[in-house]
Amino acid sequence: MRSSFLIATGLSVAYAQLQSEYDYVICGGGTAGLVLANKLSADLNTQVLVVEAGANVSPDEPAGQGVETGWAYKSQPQIYAGGQIMDLPAGKILGGSSQINGKAYVRPDASEIDNWGQVNDASWSWEVLFPFYKSSESLSLPSSEQEDAGNTVNKDFHGFNGPVNTTFPAVGTPNFFNILEGTAANVSIPRNKDFNGGAARGLSTYPGTYRIEGEREQFRESAREAYYLGIASRKNLEVLAGTSCLRITWADGSSGDNVTASGVEIANSNNLTTVSVRKEVIVSAGSYRSPTILEYSGVGNPKILANYNITTKIDLPGVGENLQDQMQGSITYSLSNTSNISFPDAVGNEITTNYLMHVTYEDIFGDGAAEIQARVNSSLSAYASTISKRINGSITAEQILNSLQVQYDTIFNRRAPAVELFTNQALTRDSVTLEFWPLQSLGRGNVHISGANAQAAGAQPIIDHNYFITDYDWDIYIAAARWVRRFFATAPLVDSMGEETRPGLAKVTQDASDEEWKAFYQDNFRAGWHAVGSAAMLPRAWGGVVNGDLQVYGTANVRVCDASVIPFILGGHPTSTLYAMAERAAELIIRGTKG
C-alpha cells in the first residue's frame, strides 16, 4: 500500500507529493477550515495541510457540473414530529457549506454572542468578535436602484477590504418592499436599516455572499473563492481533496489531562495513511462530522465508544450531544386580481432582493407573552429531564438545565429575536410566500458514529435532532404560523392577497386549535439546516467539549473550529459568524504558538 498521496493545488492542475509531517493538519476544508488555512499559512515557514473529503471545484465552474457537493445526511425518524426523516444537507466540497447555502450574510443579535463569553470564557463577546466580522468582509455598497428596493446599510457595521465579497441583489421591486414596510408598521414591527450591527429586531433586507459580474449577474462567493484560490500557490499550503480524516492518532505514552495528538489517519478510495503533526490538529468538519472524528479517535462517551470496541482515550460525554437546529415552515397566498405588486425581470444568475423580519416573543405572543414566559420558566427543569432521558443520560438534566436557562434569559429577558420570517418578490408571479422559523429552539439531540469502521460508516452518522421535543418549540412555532396568517390579513399587504393556498383554510381553519396546526406542520415542516452545538464551547461541567480557546478538553494540541462549537443556536444565518469565529480562532492559535 502506498504511504503517500498525490495532492491537487490551485485548480487541481499542478501536483505535489504529500509530506510526512506538517505543523498543522486541518480536518475539513469548509467555511471555517479554509479561513484557518489561509491565516496559518501566511507564515511561510509554517507547513499546513487541509484534508477535504469533497472535490476542489466550484459548482459554478464547468468542471464542477455534476460533481457531488453534499453529504446528503438523513436524520433518524423524529418521534416528536410524526416520525419524519429529515434531509440534512452539508457541504462535501472544498468550501464546505458556503458552496451550497442560501448565501445570506446576516449576523445574530449581539446578546447571542455575548452568551459565549458569559458561560465559558470572557474573551468571547459581541464587542470582541465584531472587528472580525468586519475584517472578513468586503461589502459593495448598494446603488441608488438597490436602495430603492429597500437595501440600506450602516457603513460602521461593515468591512470593505476583507476577503469575503458581499453585495446586495441586483434586482429589486420597490413597491413590494413598500407594501411590506407599511404592513410591518401596522403590526408594530420597525424598519431596521441594517441587521448586522447587533440589534436584529425589525424588517430589513440583507447582503449576500456573492459577487457581481457584468452589469447584473451575480455568482456565489464561497470560502474557496474568498480564502483559498488567491493563496493556492503558497508552497507551504497543501490541500488534499477527495480524502477523509478518519481519526486522530496519539503520541506514545500520552495520557492524563493533556493527551497529545501525533497525527491524523486519512484515507481516500485507494489509500490509507497517517500524516504527522508538529503543532496542532484542527478539526473543522462541521456539526455532523467533527464529533465522529473525535469519537473514532477515542474522545467521547465511553459507553458509546465501547459499543464499537473503540478504546476511550478521553472521557468526554458531551461529544456529539447538545446538537441544535431550527424548524422551518411557510404560508402561501395567491395574488388577487387587483394586486399591484410588480415583478422583477430576472434572468440567468440574477438574484432578487429578499426581505427578513426578526421579531421577539412579545411580538409573536402579544397579550399572551407573560403567560408563555411563566409557563416556560416553570417547565425548564422538565424539559431538561426529558432531553436527558431521550439521550440516555449522556448529559445530565442538571447540565442541560444550565444551557436552557441561558436561552431562556436570551429570549425572555434580553428579548433577542425569537422568530425569523423571510420573503422575496414572488418570482412565481402568482403568489407570495412567507417562511418562518423560530430562532431559539430549546430542544437538543445528538450525532454519533454508526459503526466501528470509520471508512465504511463515516459517511452516515446517526443523527437525531429531537425536533419539537419541548412544548415551547411547538408553542412558538404555532404562534409564529398564526402571526404570519395575521400579517397576510393586514393592510396594505391584504389588498394584494387572494386565497391562502398553504396550508389553506380547508386544512387549517381560521380558528384552528393548536392540535390542528400541529397536525399539519408535523408533516410539513423542514429542518432549518443550521445545526450547531455538537462539540460545544461550554464548561466541561456543563457537558462541553472545547474551552474558550476551542481546545478539546483533555488534549494538549487538538482544537475544533466550526459550527459544532457554537454552544447555543443563533439567530441570523451562520456563515458570517463562522468566518468571524475562524478569523479570531486563527489569531488565538498564532498567538498561542508564539507565546
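Sequential numbering from 1, following the chain as shown.
Cβ from N, Cα, C; glycine included.
Taken from TrEMBL, the feature active site, proton donor covers H530. According to TrEMBL, the active site, proton acceptor annotation covers H573. Per TrEMBL, FAD binding site is recorded for W529, H530. Under the heading domain 'Glucose-methanol-choline oxidoreductase N-terminal', TrEMBL lists 91-114, 286-300. According to TrEMBL, the feature signal peptide maps to 1-16.
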Rounded Cα separation (Å) that holds between W529 (FAD binding site) and the residue listed as 'active site, proton acceptor': 10
Rounded to the nearest Å - Cα separation of H530 (active site, proton donor) and H573 (active site, proton acceptor): 8
Summary of DSSP states over the domain 'Glucose-methanol-choline oxidoreductase N-terminal' (286-300), given as helix, strand and coil counts: 7 helix, 2 strand, 6 coil
Local Cβ density at W529 (FAD binding site) - other Cβ atoms counted within 10 Å: 20
The domain 'Glucose-methanol-choline oxidoreductase N-terminal' (286-300) [mean pLDDT, rounded to integer]: 98
Close in space, distant in sequence - H573 (active site, proton acceptor), Cβ under 8 Å, 6 or more apart: N101, G102, A104, Y105, V106, H530
